[in-house]
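Let me begin by presenting the structure, written as structure tokens, before commenting on it.
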Amino acid sequence: MGLEVSTPWQQVLDKIRTWARVNSPWAIHFNSGSCNGCDIEILATLTPRYDVERFGIKLQGSPRHADVLICTGPVSLQAKDRLLRIYWQMPEPKFVIAVGSCGLSGGVFHGCYNIVHGIDEVLPVDVFVPGCPPRPEGIIYGVAVLLEALKSGKRPERTMTVELPAGFEMPQAEVRQ
Amino acid sequence: MTLEKHGENRFVVPIGPQHPALKEPGHFEFVVDGEIVTGASVRLGYVHRGIEKGAEDRTWTQNLYLMERICGICSHIHATAFVQGVEKLAGVEAPPRARAIREIFAELERIHSHMLWLGVAAHEGGFDALFMYSWRDREVVMDMLEMLSGNRVHYSANLIGGVKYDLTPDMMDKIREGLNYLEERLAHYLDVVNNDETFIGRTRGIGTMTREQAQLLGAVGPTARASNFAYDVRVDAPYAAYAEFPVEMVVAQEGDLHARFVVRILETMESIRVLRRIFENMPESELVTRVPRRIPAGETISRVEAPRGELFYFIASGGGEKPERVKVRTPSLCNWGTVITLAVGHKLADMPMILAGIDPCFSCNDRLVMVKRNRQDPQVWTWADLRNYGIEYYR
Ligand code: SF4
């Protein structure tokens with residue numbers, strides 16, 4: 001992010017943005033080869049018993065509208081490019097929550113030949129939610145932890161660079177004169 | 001399988017892998033002529049993890065947990081199919097109470113799976129109220145499963161030679177209470193499905209499959225039964241305790257989407273009835289029998305009725321602590337062929353409902369490119385866009 005100017009005006013804008021983000025994070029969900037168990041539980045958090053929309057958390061269909069990528073599964077080789085593409089399409093700043101044991105380490109699929117063994121091998125993950133599958137409460141707690149960190153201004157350090165998958169070009173914004 | 005050569009007026013609409021509500025990513029391409037779909041193909045494999053190979057490195061007991069995690073919706077039934085095959089190889093039989101408990105778990109799972117599907121299918125059609133209601137009521141079943149096993153999704157109830165969890169009379173009373181509530185709600189949903197005008201408009205006469213087609217395309221489960229193809233492993237080759245506590249097969253004549261809704265709801269009600277019957281005559285016995293650690297060499301098959309249809313396992317043992325080969329054939333795969341055939345001749349707007357109609361397992365979110373004649377820039381669609389398109393089309 002090149003625009004690191006810290007004029008007072010910029011600081012006020014940043015505050016407003018953080019406020020908006022914390023109060024209504026939009027999420028996108030991607031299944032990178034999971035067994036559906038975690039995906040069902042993520043979906044369950046949207047339904048009346050847990051209803052995360054109360055907290056402003058909304059599941060979004062398009063990566064371009066999303067702040068948070070909620071990802072499940074051990075990342076199968078075929079889904080890997082897809083996952084990277086979705087990550088690249090998300091606007092900055094973006095956050096990743098890895099849900100489920102197999103998203104953490106490959107879990108029960110550890111040693112299978114067609115997986116990458118964990119989302120953190122591919123993307124910088126901000127929050128891990130363990131469990132096979134984690135309860136919906138656990139997933140909500142994971143999101144809450146992320147929001148709490150955002151509120152206090154602690155941006156997780158990014159030490160990882162994410163490669164653009166081959167054959168995929170980022171659309172460039174057109175500059176109109 | 002891609003469709004490349006098309007006439008001048010045809011356009012290919014790929015639908016790809018990512019949707020919050022469905023499982024197992026799949027990629028479809030529909031060839032459209034204006035509004036009408038004239039060809040379709042499917043590409044699967046986004047969730048290929050190499051489970052069958054992985055099974056060869058794990059012991060029989062470890063495999064139980066791996067098999068259970070092939071699918072998060074029909075988890076118990078996968079483990080049951082595996083365990084039954086292994087028991088057959090070892091020449092042991094689970095005690096009667098254990099078999100009854102397996103049936104209880106399987107039927108509870110069927111209730112939860114069908115209610116989940118009802119919600120998802122309604123969501124694809126734009127009936128989000130029904131989606132929310134059925135998922136709210138589904139939590140009742142989830143509570144029962146959690147009470148029995150401590151888990152909401154992967155119950156791990158099976159052991160080789162028996163089951164892990166017992167049912168106390170207390171639990172049965174609680175489950176009965178829940179079932180009464182569910183039965184009431186299901187009757188209401190049946191009423192909605194049968195009498196709601198918009199709902200009928202989107203389901204009746206859509207995606208009709210004749211009995212011959214169902215047989216020819218190898219459809220299984222509720223999808224086939226909705227086309228009057230009476231085949232249910234629970235009835236035709238009873239396993240677990242289905243011989244002592246039989247279920248009645250639910251079939252419908254019409255073969256359209258509406259029939260698939262009705263069959264699944266009626267099946268759920270039948271599950272509730274059979275659960276009540278089991279609770280009344282719960283057999284008494286221990287929960288596990290002794291099984292040798294090394295399973296004798298041999299080959300076997302094992303068939304069970306998963307919520308989506310016949311699930312088939314082939315297991316080969318070399319006489320060691322690990323299986324030599326495990327082959328799984330899942331019902332969703334059998335049903336894909338029907339979608340590809342049924343799609344032809346229907347409107348693009350009907351596709352989400354037809355796809356959801358077989359209760360597929362696919363969940364990766366792909367893009368959908370919508371190319372219109374006379375239009376230079378291709379529009380990229382997500383599954384959500386396709387769904388909205390379908391809803392708007394029928395508005
Ligand atoms: S963590 Fe467990 S429940 Fe979740 S996707 Fe992986 S195997 Fe399935």
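First residue shown is number 1, and so on along the chain.
For all residues, glycine too, the Cβ spot is worked out from N, Cα and C.
All annotation found in TrEMBL is predicted automatically rather than curated by experts.
Now, the feature entries from TrEMBL:
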BINDING   B:E52, B:V328  Mg(2+) binding site
BINDING   B:C71, B:C74, B:C361  Ni(2+) binding site
BINDING   B:C74, B:C364  Fe cation binding site
DOMAIN    B:126-290  domain 'NADH-quinone oxidoreductase subunit D'
DOMAIN    B:294-367  domain 'NADH-quinone oxidoreductase subunit D'
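Features recorded in TrEMBL, as mapped to the structure shown.
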| residue | record | DSSP class |
| --- | --- | --- |
| B:E52 | Mg(2+) binding site | helix |
| B:C71 | Ni(2+) binding site | coil |
| B:V328 | Mg(2+) binding site | strand |
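B:V328 (Mg(2+) binding site) and B:C71 (Ni(2+) binding site) have their C-alpha atoms 12 Å apart, to the nearest angstrom. A distance of 13 Å separates the Cα atom of B:C71 (Ni(2+) binding site) from that of B:E52 (Mg(2+) binding site). The Cβ of B:V328 has fewer other Cβ atoms within 10 Å than any other of the binding-site residues B:C71, B:V328. Using a cut-off of under 8 A between C-beta atoms, the binding-site residues B:E52, B:C71, B:C74, B:V328 that neighbour chain A are B:C71. Cβ neighbour count within 10 Å across all protein chains ranks B:C74 highest among the binding-site residues B:E52, B:C74. If you take the Cα of B:E52 (Mg(2+) binding site) and the Cα of B:C74 (Ni(2+) binding site), they are about 17 angstrom apart, rounded to a whole number.
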